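TrEMBL has this to say about the protein:
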BINDING   90, 111, 114, 165, 378  substrate binding site
ACT_SITE  126  active site, proton donor
SITE      166  site 'Important for catalysis'
BINDING   209, 240  NAD(+) binding site
Ligand SMILES: NC(=O)C1=CN([C@@H]2O[C@H](COP(=O)(O)OP(=O)(O)OC[C@H]3O[C@@H](n4cnc5c(N)ncnc54)[C@H](O)[C@@H]3O)[C@@H](O)[C@H]2O)C=CC1
Ligand SMILES: O=C(O)CCC(=O)C(=O)O
């Protein structure tokens, strides 16, 4: 007899006890699909769930490089090739000192479900290193990226596994990584996405995750006959996702009232201005400084070590990192009248926080649905690379918008409960059915 979702989760915990983030992500999905599996027991056959929970392949490697002082540094590199039933492995690379196998397994697992929702033929994977780009010179970052790719190149390719950026991996790092890939493989293909426009990138890829998040929020608000204009929006983070989520909220006449980084939060109750946003872009993407400098430059309130969730808002968009919003933060947001939370980051809300939002009946979207715009436009970058073609900004943006609307429909189709939508159940069930159907059709492999 097939193991129940609870039994499976216990097995996962026993097998890899030191991977709490993976247990959290697996637990959420198993819990969501349990009622569906009871109605459709054929989806529990052939070890399907056991296979979905186990990466197809894990690659771990040494990354040795020389710093500016001439010292040899050794980091760990990883690529988790989680599931390729729907298409080539696809997902970002994270460079951050907290990176370990458990965190990358949770990210790769989430990516499989997210990519299934995009409507595009993409499998799921994730990789990275415990390398910390913060405080490193451009040359050190380049030498690290080249050393990292000198192993990774043999495991990736346009039809095999297509990495992109994530925390600590932006345009600069993708350039260095792709340059080394091209040299080692002696081929020019779409083996990575997030590339610069001059060497095969797609218009709108930098904007895609943030824009897509806001397009998804617009669809959520429509279900309650609301609109973004005039809403106060608390955003955490100040990296790629936060920057373009903020830009789109401002374009749609919402007020972005917070931005943050790992050192603290800037609060502007009147909403950041275009000038302040432009300052942020230069600060974070060129000077690579701290968010406190934005506060200093414009005389805004700044709180060291504070998260944005204490400041009153109507909509919260966590866009920094996993588990950055806990049950206490959820209570504070609800107490201040927040009626919509949509995740720009991957798994930024703890399970207890999600429970609070759902119990209160507010709109809540899990990252695998609401932040899927980034990987979706990566899929469009792959398509353009294969065609040796470049779509216009308007064409890519329109496709992104359509994909976010399609993901919202999928959540409604599988998550409608009375007159509200359980976006967690909807996203998980819709993605699971697509992955499961693809795997069942291809036999036990
Ligand atoms: N870049 C993309 O296309 C996508 C990114 N994501 C997710 O969005 C989140 C942000 O990624 P990016 O903006 O690309 O990275 P980034 O490196 O551009 O920015 C990360 C931001 O998070 C902040 N941060 C990191 N650790 C923190 C901590 N412990 N506490 C508070 N703030 C912290 C950093 O200061 C920075 O502002 C991540 O969870 C990532 O997995 C999800 C979908 C696509
Ligand atoms: O564009 C991609 O392939 C990856 C984006 C990503 O890492 C994510 O969706 O979390």
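In case you wondered, yes, glycine gets a Cβ from its N, Cα and C as well.
The shortest Cα-Cα distance between residue 378 (substrate binding site) and any of the recorded positions 126, 166, 209 is the one to 209.
Looking at residue 209 (NAD(+) binding site) and residue 166 (site 'Important for catalysis'), their Cα atoms lie 11 Å from each other. Here the binding residues for substrate are 90, 111, 114, 165, 378. Their largest Cα to Cα distance works out to 16 Å. Cα spacing between residue 240 (NAD(+) binding site) and residue 126 (active site, proton donor): 18 Å, rounded to the nearest whole number. DSSP assigns residue 165 (substrate binding site) to coil, not to a helix or a strand. Checked against ligand 2, the binding-site residues 90, 165, 209, 240 give 90 in sequence order as having a Cβ less than 6 Å away from one of its atoms. For the residue listed as 'active site, proton donor', applying a Cβ distance below 8 Å and a minimum sequence separation of six or more within one chain yields 79, 80, 82, 91, 92, 93, 94, 104, 107, 108, 111, 166. Taking 90, 111, 114, 126, 240, 378 as the candidate recorded positions, the subset whose CB lies under 6 angstroms from any atom of ligand 1 consists of 240. For residue 90 (substrate binding site), other Cβ atoms within 10 Å of its Cβ number 29.
Under DSSP, residue 90 (substrate binding site) is assigned to a strand (E or B) in the three-state scheme. In sequence order, 92, 93, 171, 173, 174, 194, 240 are the residues near residue 165 (substrate binding site), counting only same-chain partners six or more apart with C-beta under 8 A. Taking the mean position of the Cβ atoms of 90, 111, 114, 165, 378 as the substrate site, the remaining residues of that chain whose Cβ falls within 8 Å of it are 91, 92, 115, 122, 124, 126, 164, 193, 374, 375.
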